Amino acid sequence: MDHRIRHAGLGAKVMTATKAAELVDHGMTIGMSGFTGAGYPKAVPQALAARMVATHERGESFRVRVLTGASTAPELDGALARADGIDLRLPYQSDPELRARINRGEMDYLDIHLSHVAQYAWFGFFGKLDLAVVEATAIMPDGRLLPSSSVGNNKTWLDLADKVIVEVNHWQPMEMEGMHDVYYGTALPPNRKPIPLLKPDDRIGEPYLRLDPDKVIAVVETNAPDRNSAFSPPDDCSRQIAGHLIEFFRHEIAKGRLSPQLLPLQSGVGNIANAVLGGLRDGGFKGLTAFTEVIQDGMLDLLANDVLSVASATSFSLSPAGIERFLADIEFFRKRIILRTQEISNHPELVRRLGCIAMNGMVEADIYGNINSTHVAGTSIINGIGGSGDFARNGFMSCFLTPSTAKNGAVSCIVPMVSHVDHTEHDVAVVVTEQGLADLRGLSPRQRAKVVIERCAHPDYRPLLQDYFNRALHDSRGKHTPHLLSEALAWHQRFLETGDMRP
Ligand code: 0RQ
């Protein structure tokens, strides 16, 4: 028996992905592993997609409902979307093929807070979970799973599903053993108890996922890397955004509102987030912690340089260079990284208790501080809200970051009214662009509009925003949040009609 499948009964269930995919039926609701391109099943979804295509060619339907942790990769979301095999998908996604189908209205997509997914599944809000397809690094002698590069919602899928397919991926390093912390103390209302986590590095659970071996209908072996998307080095704009934020942190330390160790950091994905992390390193910060969702390259760097002492998350999202670095020093990183279920990594109770500093990208902000993180022109989704809302509402302070313009200047990311709201004005403390930083704490709507326009808008759009605001101050019927309703969304309409927000 292979050393990674140490349970005799489960060793007897090893089969090919094609055979395993034959056990999946049309109409099933399936919980799959995977979070930001890490730890997703690599073989069964592709075999399933092939079956779907063949079934559709016979004129029969074959579609399933797919629940994951967050985004996956071409082998899962891409393959199933191309096969027209997804009826409903939730939550966060980032696959171009899947996104195109969602935006053409060919399938349903449910964009919900990442911390809500597990509890909604337990509440029964998604119906019965027929099947779990979960990647693991190994199967332990007692049948428990050594998780792989993400934990996500795997605990919930394994507990709730009627049947389970395990993919054991030989590419995932065995040295990750001991890095995970799976908490089994969550109960349902009204029987919930406080979660006993007081510091980002507290371990409150077990390093393995429990699994009832009798539910397992197939074990499939793979040897395939995670998505591992490359990062481009931070550009000037990202570095300027990072610079404004770090200057602001220093100001807050000087004012005594933050200590030199700041508070546990939550950092979104992407190049701006990486630039902020790089800025903290270059700025001489030490002894910081992270309580976040995703460990990306910048976090490894901070851990290696002792800027960060510990990082708690639910998943990796590393570039090929980041993976090499992680593997080369895995003993070091295992002591400093804790991977938890996403209901714990993003838990509102913990985010509030620890006082996380939330830093996330956005699509656009309006002059009053409402944030759109997900939609272009109000109707086409990009990725989804992810965990940004879990941290924005509950953290110590919520910062949203974006270049001031998009599409080569044809779009202003500061607008009179956002075309879609993910984070309301009540959840937003700080807005940052390369132009500057708007500190919205304690400001009324009219005060906020003034600083957002002055500090964050691009000079091409600043006079237009100022003109809108001045006229709204004069002509708006209500003067608390002044708007010209017939004009508030006109910039988006102009972009749709002319490809440019400027008149
Ligand atoms: O599209 O590539 O076609 O040109 O949006 O924008 O500038 O590459 O920025 O990669 O940081 O993503 C909000 C999408 C930003 C991300 C978002 C277009 C732009 C480009 C991407 P193109 P950039 P980023 C942790 C927390 C929500 C989830 C979250 C996100 C594309 O940060 O998904 O925060 N956030 N999770 O051209 C039209 C505008 C635009 C615009 C940008 N105003 N109008 N298009 N774009 N601004 C992670 C998890 O939760 C898992």
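Positions of Cβ are set from backbone N, Cα and C atoms, glycine also.
According to TrEMBL, the domain 'Acetyl-CoA hydrolase/transferase N-terminal' annotation covers 13-221. The average per-residue pLDDT of the prediction over the domain 'Acetyl-CoA hydrolase/transferase N-terminal' (13-221) is 98, rounded to a whole number.
DSSP assigns Glu293 (active site, 5-glutamyl coenzyme A thioester intermediate) to coil in the three-state reduction, placing it in neither a helix nor a strand. Feature annotation from TrEMBL assigns active site, 5-glutamyl coenzyme A thioester intermediate to Glu293.
Per DSSP, the secondary structure of the domain 'Acetyl-CoA hydrolase/transferase C-terminal' (323-468) breaks down as 54 helix, 38 strand, 54 coil. Here TrEMBL flags 323-468 as domain 'Acetyl-CoA hydrolase/transferase C-terminal'.
Among the features that TrEMBL reports, CoA binding site is placed at Asn383, Gly387, Lys407.
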Practice problem: Determine, using Cα-Cα distances only, which of these binding-site residues is closest to Glu293 (active site, 5-glutamyl coenzyme A thioester intermediate): Asn383, Gly387, Lys407. | Solution: Gly387
Practice problem: Compute all pairwise C-alpha distances among Asn383, Gly387, Lys407, the residues listed as binding CoA, and give the largest one in whole angstrom. | Solution: 25
